[in-house]
Amino acid sequence: MHPPRRAALGLLPLLLLLLLLPPPAPGAANKPTPCQRCRGLVDKFNQGMVDTANKNFGGGNTAWEEKTLSKYEFSEIRLLEILEGLCESSDFECNQMLEAQEEHLEAWWLQLKNEYPNLFEWFCVKTLKVCCLPGTYGPDCLECQGGSQRPCSGNGHCSGDGSRQGDGSCRCHVGYQGALCADCMDGYFSSLRNETHSFCTACDESCKTCSGPTNRDCGECEVGWVLEEDACVDVDECAAETPPCSAAQFCKNVNGSYTCEECDSSCVGCTGEGPGNCKECIPGYARELGQCADVDECSLAAKACVRKNENCYNTPGSYVCVCPDGFEETEDACVPPAEAEVTEEESPTQPPAHEDL
């Protein structure tokens, strides 16, 4: 017996460790990033400012209101009202973040609000450093490809845009390609391009590459199309010398391709849809008024069911012969019950005759 290999033995502890690891928490993949949590808190704070803007004031002495409202606007009372409405009691992460950063929010409210009116920029970008301004990315908030004003030429998404993550590369929108998403993919042409903007528009469906919107602007035809008289036109695959579909199907041409559809069940080969396009009819069907129709064998002059008293029932493409209910079926007839009984009485079982010795 061979000793176990060391590699196999080495895998055993790893497998045991994987089995003992706790399963990932539900929704772990969708857990918000620190930047998203910070932005969410700021959004709620800003909404709280809107909700408390004119609280408890309305009508009366205008001069008194202006004086009192001015005091309330920057007061700690208003700040406390905003903070109390930021987090639901069940939102653990929101409450945890608020508890850790309450002093920062208080400092901004009482001392820095006028100098830094944009709470998100001051709190999430400059103070906590968990976010970047739009158009920048990564730990040092570098500019995205194409600049922070129009990252990726406005035709893509900058990896890590607005966060401390990503590498600043561009993920281009459909129709665009290149490091800055300024070039057009195959199947698109540049309809507008200048120093700051690049727009790509889809070619005609017949073009693989093109310089304009029509089938005469193709640089190369798509598969299923062919160049004729300076334009890409559809190839009719159904007109090929060797049909692309099976004998039980008909070919249907579509732009740039074709489909094979099943013939009608009454056809032996067909040129199109329905019983009117059969090449021949299957047994039990005959051409009638230009299409294959079921033959009613039961109504023909020559009887289909030849046994006495037998009933004929037509079926699609055929027929069945059945004795009526109560009749006894024999090889050459359907015998009524009364006749069957008489026949049995007239034919009793006789004992064999004895010969004289």
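Backbone N, Cα and C atoms are what each Cβ position is placed from, and that goes for glycine too.
Remember, TrEMBL labels are computer predictions, not curated facts.
The feature signal peptide is assigned by TrEMBL to 1-27.
The domain 'EGF-like' annotation in TrEMBL covers 140-182 (among others). Beyond the ends of the domain 'EGF-like' (140-182), by six or more residues, the same chain brings 33-35, 125, 129-134, 188, 193, 196-198, 200-202 to within a C-beta distance below 8 angstroms of the stretch.
Sequence annotations record features per position, and here TrEMBL assigns disulfide bond to Cys172-Cys181. Taking the Cβ of Cys172 (disulfide bond) as reference, residues of its chain lying under 8 Å away and at least six apart in sequence are, in sequence order, Cys152, Asn155, Gly156, Gly178, Cys181.
Marked as domain 'EGF-like' by TrEMBL: 294-335 (among others). Beyond the domain 'EGF-like' (294-335), the same-chain residues lying 6 or more positions past its ends with a Cβ under 8 Å from any Cβ of the stretch are 266, 282-286, 343.
Residues or ranges marked as region 'Disordered' by TrEMBL: 334-357.
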Quick one: give me the count of other CB atoms within 10 A of the CB of Cys181 (disulfide bond).
24
Please spell out the DSSP helix, strand and coil residue counts for the domain 'EGF-like' (140-182).
4 helix, 11 strand, 28 coil
Of the residues in the domain 'EGF-like' (294-335), how many are helix, strand and coil by DSSP?
3 helix, 17 strand, 22 coil
